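Taken verbatim from TrEMBL:
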type	residues	note
BINDING	297, 298, 299, 300, 301, 302, 303, 321, 348, 365	S-adenosyl-L-methionine binding site
COMPBIAS	10-22	compositional bias 'Basic residues'
COMPBIAS	75-90	compositional bias 'Acidic residues'
COMPBIAS	597-608	compositional bias 'Basic residues'
DOMAIN	205-492	domain 'SAM-dependent MTase RsmB/NOP-type'
């Protein structure tokens, strides 16, 4: 509308349609006015228009309005106006498209020509100070994402693309800050994740945590078969598939027209809503029929019911949990699924060997920080710190030792312990397993799972037992399931090894001989007597021979005064260890220092 502009030259081409209509209206109005009168202007105070002129003016305006709305616009004029509007819209679209092309070309040129430049430290410090003073504003996520991509490219080819004078730690600090802002993680947790994953894999892990895991169910073979259950759910409008070749009971649900947790099949106990990663510990445990099995942390009962269906409701399962409120869901699920061989208990797992022991197998799904299920609980991103991780690790060590002590190593079919967590922290997994290997007579065995990544045998400056390669790690970005850790132990002795207090520099042969000849010495403070009984294996040196015991004349007082004597022997033997003697020549100083002691006792005896 209005004056039309030339889209190429941007010059006015004469009066527009509105101006022409306004000019025609003024001509028509002039016909109704008396001669000598011009277009009526604003009303001036003190001048009263004649009644006839007012009536004529009102009629003129009414007729003009009717002419414009009804008769003044012909079909040709309306078509011309529509054509003009279409031309203007087309011209504006062309301008917009041209601007977008220019902007894309400019963006491509920037991406090709310019490389990522690390902001200086002073700039970051100023930004932090401004963020602390100014009101918080939402960050520009697009800019942060582009900076993360550029930083990743530089770090992958650091020797070529880095800026001179900048270290890798500076790039990593900026990258950690950007990822914490983009994915809403705490700096502590992101630092831990950067220690576990390589940088490209870390981005995949963080992206996978933003997407929920697929809904999976486990068929209850105590009541139905997977084929029949799948057909029944498909008839109700559920889109599903088998979970994978590794599972014979799992189904993955893509979408459903009915609530998957309220179908008649669910209420009848034909399936259990259970994550895919929760099936793996029971498969690693491999329970057999007629065994006695302990599920130390059983809530909400998914693993317990899976154990029962693998055992075909034979044997006995002790389902224990320290939280009485969570046991309500356990009881409800066991009744719904038709489990009849389970006993529910509410005990502290750390005191369990005193309550009941002698199990064939034990499953310990230990409480953890939950860093493997961030997609289910996003609060883990910010509410976990170092104290939480160490607190969980300490509790897990206590529970694992209790679980090992609850197993009977002499079991004909069992003697196995499965330890699992829904965490990916090394402090809660490999660290705890390595601690148990040192404290109990157990060894790691294969889990029987065909997939999953191996456990860490080294992490930063720590070294773990080489058998930790048999443990398995599962990640959301790799296996499309919750993060999980699984390790399987085999107990080969019910004895609890005691810490050794002897000579730390002794060879393995000496340690074995000491254990075979004098096992009671591990609990005794008389270390030199054991060392004297065991011959030295170091070439060229011999230990000092023990002094000959002489029969002392006297009374019972001498016998009562004999116990302090080993303390003197301990002192002299330590001196002898510091100064090795030549073969066949006892030390005169030591022999001289022992004689007055005997004379002293003899004098006391005679005196009494």
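Just so you know, glycine gets a Cβ as well, placed from its N, Cα and C.
Whatever TrEMBL says is automated annotation, not expert-curated.
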Other CB atoms, at most 10 A from the CB of residue 303 (S-adenosyl-L-methionine binding site): 24
Intrachain C-beta neighbours of residue 348 (S-adenosyl-L-methionine binding site), sequence separation six or more, cut-off 8 angstroms: 322
Residues satisfying Cβ distance under 8 Å from residue 297 (S-adenosyl-L-methionine binding site), sequence separation of at least 6: 320, 321, 322, 349, 364, 365, 366, 367, 399
Densest Cβ neighbourhood among 299, 301 (binding-site residues), 10 Å radius: 301
